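These notes are about the structure you will find just below.
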């Protein structure tokens, strides 16, 4: 349900917000920042080129208190009601004609001078695998005769990742070392990763969550999502190929993951909800615990996703970041509500600040690969760059930038803000 | 290196400690408890049937402060030096003739009246797979023609588990529901687990740890281990069989894990260190980053492990818990130092309070299976119990009890304390 906060005619007295590609007044994403003058980290809201300090702004007392803690965990725990009320309040405070400019303006900080932090203390990080085109493409590389396993269309496949090594956008990622075994080699060697890759994912921040044993019905699952971000699940493909059986990826993934600093709320994304695309004929229906009519009707999203790359040579030559993939959240085989309900279906507890990754979201066409493994066909076909360079996998100095924008006729476009990080050479 | 704190002749003025099967003065394990009168949770030391309040006892100021926080994270972070000094101090304070009884006795609480808590806030939980006999036995059930994958003897295989659902011994475990697909069925159904199992593991608590990107050399890895416990990695075998490919176990494991409340220190286990058993002829040598002469010479442990079961019917008839497996930590194919060094070898950060599981430790003989999956040959051969019942997998009301004791001529035996939990019916 959209409301007055989504009105595309709404304008803010924060001039940079009007027509802003990421953070117009219709967005209002949450994050954690330190102001230019220093001080404690606190929660804030992005508005144009500015950040509003939520711990000091004239918003509800429970929000102000939760915002002062240096992470969004307490805000996430408040749940959808207070978050919706906050959106309405912020929309009023920041809008032209809201009459609140005098009370609000002292608590605005220029974003360029602020330090942005990880939005929450991540309790557990779970990575799903709901991008079906990615699953097929990667399955083809690792299991040519058997790309999509029989469980894929029944189970929202997921696994536990490493919470401790998730870093906020802008933090460089060090190329990992690990055991690598070439197919023709007799034994593995320990060496710097030679097949470093990115993965284009949406991050899902958990709100109130559930107690151990309780579960979350799929029809109630959306109420446990606090917001969305962009996630780069860096992957060492050579380490992965050797280590991943039988228990799944481990050191190939846990050397670092990058999350965008801004948490786009479910409310901001409300206009961009779509029906879950119909399953191809012959695909099984989801089991009842994953099936909710409302979720089928409005549980998916139409959000454009991009991957850009900026190599060291491009940077030197003044060449702009080059887009190497364009995808969309509509290519998720399972909705976020299905992921959440499945995760809790065995009684596993979910907690405020838990992070879910969607898994890599590739489009079905060759311009929409969410990883280099797919774009280079397992390293066989070099991907050309405008600098004259090519990439099969990432090289030191490469910066990977993920972006997301939701657009729809009759609504203001909103963005997620960059998720970016540069590859450092191995130690 | 053993010292005066290991002297088997050492006696305590806490009478119950002398000859105590678990907690003689030579053990001194750390835990977190609430005293009989209530109050804040704090760190304590088990001595016989008593717990010494570490936040109040006459020990070093940094320990007292760290002990007051309601978890052992801050104590773990102090590292090996302060922990060794604490052991020496406690040995003196609690020993006959130490002359400190008057100052110490007011801070002792009867363990039976105390509530024991999870020893630490677990940041990340990683489960390894170093019990080679278990790996072979289980591999045979899931992959009859290919039980041990080619990477097993090169890579200390591990994967990330769920930190949020680890509970302290005594907390019941609810039977999970999940997707189950019989081999002959066309499609899965969502139902209570029918093949619920335990797994006998050693838990390893991480001490200081390492920063992202740094790594931990295998020769220094032991300095990052704060202590040891017993871990039951409850497993839903039917859910596992259907979900685990290609990304590993997820809902089959994350509905609950049980850890013992006492953290047995590396110092207490010093007399029970042994050489890493020689690899069978033909096995590859570990890669250099996993190989340290000192670790090969003294990096393994000789600790007896037991699994006992107590069914509801046995409880009613007054039949004592029945031992169904006897194993030993010497059946670990990789040392703890190798697990830690491998985990950090790609730069993954480890943090105080992280928990590693060894993976199930089965003995090579039929009396030493660390799971029912192995003992019942995948559910085919019922395991007889003294009540006349049999078990292929666990039934509601079954209590599983893990125990561990280290014994060696010339040294006092020490125990880990029970790791136990009862199965509740599915919701």
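Placement of Cβ uses the backbone N, Cα and C atoms for every residue, glycine included.
Quantities reported herein were computed from a predicted structural model and do not represent experimental measurements.
Residues annotated as active site, proton acceptor in TrEMBL: A:134. In three-state terms derived from DSSP, residue A:134 (active site, proton acceptor) belongs to a helical segment. The Cβ neighbour count for residue A:134 (active site, proton acceptor), using a 10 Å radius and every protein chain shown, is 28.
Residues or ranges marked as Ca(2+) binding site by TrEMBL: A:127, A:199, A:201. Applying an 8 A CB threshold to same-chain residues 6+ apart, the list for residue A:201 (Ca(2+) binding site) reads A:127, A:131, A:230, A:231, A:232, A:233, A:357, A:358, A:359, A:360, A:361, A:370. The secondary structure of residue A:201 (Ca(2+) binding site), as reduced to three states from DSSP, is extended strand.
When other Cβ atoms within 10 Å of the Cβ of residue A:143 (substrate binding site) are tallied across all protein chains shown, the result is 13. Per TrEMBL, the feature substrate binding site maps to A:129, A:143, A:240, A:244, A:360.
What TrEMBL lists as Mg(2+) binding site is A:233, A:253, A:257. According to DSSP, residue A:257 (Mg(2+) binding site) sits within a strand segment.
Residues or ranges marked as domain 'Fumarylacetoacetase N-terminal' in TrEMBL: A:26-119. Taken together, the residues of the domain 'Fumarylacetoacetase N-terminal' (A:26-119) have an average pLDDT of 97.
The domain 'Fumarylacetoacetase-like C-terminal' annotation in TrEMBL covers A:151-423.
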Out of the binding-site residues A:129, A:199, A:233, A:253, A:360, ones whose Cβ falls under 8 Å of a chain B Cβ are A:129
Pairwise Cα distance for residue A:129 (substrate binding site)/residue A:199 (Ca(2+) binding site) [Å, integer]: 11
Out of the recorded positions A:134, A:143, A:199, A:240, A:244, give me the one sitting nearest to residue A:257 (Mg(2+) binding site) by CA distance. A:199
Spacing of the two Cα atoms, residue A:134 (active site, proton acceptor) and residue A:253 (Mg(2+) binding site), in whole angstrom, works out to 16
For the C-alpha pair, I'd like the distance in angstrom between residue A:253 (Mg(2+) binding site) and residue A:143 (substrate binding site), rounded off. 20
Conformational class of residue A:240 (substrate binding site) under the three-state DSSP mapping: helix
Checking the binding-site residues A:240, A:257, A:360 for other Cβ atoms within 10 Å of each Cβ, the smallest tally belongs to A:240
Sort the binding-site residues A:143, A:240, A:244 by C-alpha distance from residue A:199 (Ca(2+) binding site) and give me just the closest. A:240
Cβ neighbour count (within 10 Å, all chains shown) around residue A:244 (substrate binding site): 22
